[in-house]
């Protein structure tokens with residue numbers, strides 16, 4: 001007769017009490033997950049999160065209270081979880097999981113890792129660490145009412161990076177507030193700002209910088225003192241942006257100096273933020289006015305909406321739009337609110353001006369009104385119930401793994417509407433590893449198309465290896481028979497190479513580079529495909545989902561046409577120059593909060609993964625649809641509400 005401990009078999013209950021598991025992230029999903037784990041019987045849990053608690057977290061992260069604002073999420077989550085089970089052994093780390101201290105040996109201490117993250121770089125990193133340590137990983141994510149849980153095991157299932165993913169379209173709130181690095185970050189910030197000034201205020205859409213450096217080393221005593229500086233209950237007072245704006249009479253110059261000067265100068269005091277980032281440059285209205293007024297901006301040809309104004313031009317647009325929106329509020333009467341609409345000229349002018357001024361401050365190329373309008377999409381709020389459902393599913397999949405029933409693990413989709421079988425939760429069999437994956441294949445290899453006469457060593461390191469291929473500390477060797485070291489992760493060893501071109505080292509069409517990341521225990525072979533015909537603003541392309549072998553080395557022209565250095569927002573996300581990412585692919589949502597946009601509807605019985613219209617889809621990573629051999633994918637009768645939504 002089977003012995004039970006609660007609802008679990010005794011053997012499984014004993015396993016839970018002795019095994020050690022790692023939870024990465026203590027936010028929306030992480031809080032629910034940690035609570036579930038201790039209530040299920042897990043006794044040895046490590047939890048890691050770099051973030052601190054903000055007042056906007058309190059509506060859905062229920063391990064936190066008002067008195068905890070400003071404190072470490074991981075530490076407070078630990079303390080709150082221990083109230084459910086005082087005998088549990090929980091270790092909290094206020095740190096980034098990408099810190100080199102958390103190496104492969106660290107991951108090997110655990111029998112299971114559970115991700116509750118909100119950014120792709122960290123997901124990629126944990127995926128690689130679990131592959132290197134050969135530890136099962138449960139990946140998860142939510143977007144509004146949609147969610148997904150999947151299991152990743154080396155050699156058995158697809159890894160997180162087996163399928164190409166489009167450019168990320170949802171971002172952590174701290175990125176929006178403190179460290180924007182792409183124009184879309186600034187556009188989202190400007191939309192938030194519109195609501196804070198003229199619309200319905202939302203705590204999740206805070207635009208002011210964090211009250212303390214989010215990347216500073218965390219000391220419990222210091223943080224507790226900071227959290228209680230305003231009130232004994234730890235509530236950090238902030239004057240409402242709208243109240244302050246009203247007190248100034250919505251004066252455009254005062255608004256400008258607060259948003260683009262004072263707040264930026266405050267950010268500059270957070271020195272940890274700018275150790276590895278270019279620091280922002282504050283703007284001052286009077287200085288700009290004095291320097292720009294005597295000169296009229298030179299006329300630009302083309303349609304008005306497609307022109308990119310100068311800094312002072314955007315200052316004037318900001319002033320005019322604020323005055324117009326102020327008049328609209330006055331006409332509506334006391335307590336009135338405006339609703340942002342991309343087709344409302346003053347609202348669109350405001351977002352265009354504010355976003356571009358912020359882009360300039362953070363050293364990004366500014367965008368035309370047309371570009372801003374096309375990039376501004378809807379933001380889907382995080383929903384506590386979705387987080388709770390997904391956290392419960394993570395635990396259920398974890399119990400299967402600990403029971404030795406890996407074959408019964410599934411990818412499970414939570415959909416907004418029931419499918420034809422009236423199911424909201426749709427399980428799918430896990431896919432096997434992709435032979436073409438540049439991460440989990442036995443010998444990872446890719447072909448990168450670039451111009452060796454234009455690409456610098458620093459660009460190879462930062463834009464290609466770190467940004468595109470997710471390495472943390474790469475070492476690169478040229479396979480030239482001499483073992484020439486191009487990039488070293490040891491500080492100072494190869495910094496002199498940074499400004500040099502790849503061609504300076506004899507790299508040409510057909511050259512091969514070996515990139516190693518010893519922290520991730522990961523090696524990638526890169527075939528160089530030289531091309532002088534890349535699209536404008538595209539610095540490089542990854543050729544094909546399967547690595548195409550580069551042709552044998554051939555003499556190349558010394559004279560090359562100039563291309564513009566690619567911006568982060570302009571690089572093509574597709575892994576194939578032959579098969580660009582389609583807008584109607586099924587999407588995988590990449591964030592458990594911070595307003596991840598929605599995917600689409602549900603799942604077909606027994607089904608293939610199919611395409612769905614991208615009309616309302618935002619951030620996500622692509623799970624390539626498996627199209628049935630029949631004509632089902634093209635038949636109108638099959639375009640029903642039972643499509644699978646792949647989220648991450």
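The backbone N, Cα and C atoms fix where each Cβ goes, glycine too.
Feature annotation from TrEMBL assigns domain 'THIF-type NAD/FAD binding fold' to 8-410.
The ATP binding site annotation in TrEMBL covers 25-30, 49, 57-60, 73, 96-97, 118-123.
Sequence annotations record features per position, and here TrEMBL assigns SUMO1 cross-link to 165 (among others).
Annotation source TrEMBL lists active site, glycyl thioester intermediate at 174.
Around the Cβ of residue 191 (SUMO cross-link), the number of neighbouring Cβ atoms within 10 Å comes to 25. Under the heading SUMO cross-link, TrEMBL lists 191 (among others).
Per TrEMBL, the feature SUMO1 cross-link maps to 237 (among others).
Around the Cβ of residue 258 (SUMO cross-link), the same chain contributes 244, each under 8 angstroms and 6 or more positions distant in sequence. The SUMO cross-link feature in TrEMBL is assigned to 258 (among others).
Taking the Cβ of residue 416 (SUMO1 cross-link) as centre and 10 Å as the limit, one finds 17 other Cβ atoms among all the protein chains shown. Annotation comment: TrEMBL describes 416 (among others) as SUMO1 cross-link.
The domain 'Ubiquitin/SUMO-activating enzyme ubiquitin-like' annotation in TrEMBL covers 448-535.
As annotated by TrEMBL, domain 'SUMO-activating enzyme subunit 2 C-terminal' applies to 545-637.
TrEMBL lists 561-578 (among others) with the feature compositional bias 'Polar residues'.
Sequence annotations record features per position, and here TrEMBL assigns compositional bias 'Acidic residues' to 582-595.
TrEMBL lists 623 (among others) with the feature SUMO cross-link.
As annotated by TrEMBL, compositional bias 'Polar residues' applies to 627-639 (among others).
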Cβ neighbours of residue 28 (ATP binding site) where a neighbour is any other Cβ within 10 Å: 27
Candidates 165, 174, 191, 416 (recorded positions) - the one closest to residue 59 (ATP binding site) by CA: 174
Whole-number Å value for how far residue 174 (active site, glycyl thioester intermediate) lies from residue 191 (SUMO cross-link) (Cα to Cα): 16
Integer Cα-Cα distance in angstrom, residue 416 (SUMO1 cross-link) to residue 174 (active site, glycyl thioester intermediate): 28
Residue 122 (ATP binding site) versus residue 174 (active site, glycyl thioester intermediate) - Cα distance in angstrom: 15
Rounded inter-Cα distance in Å - residue 165 (SUMO1 cross-link), residue 28 (ATP binding site): 23
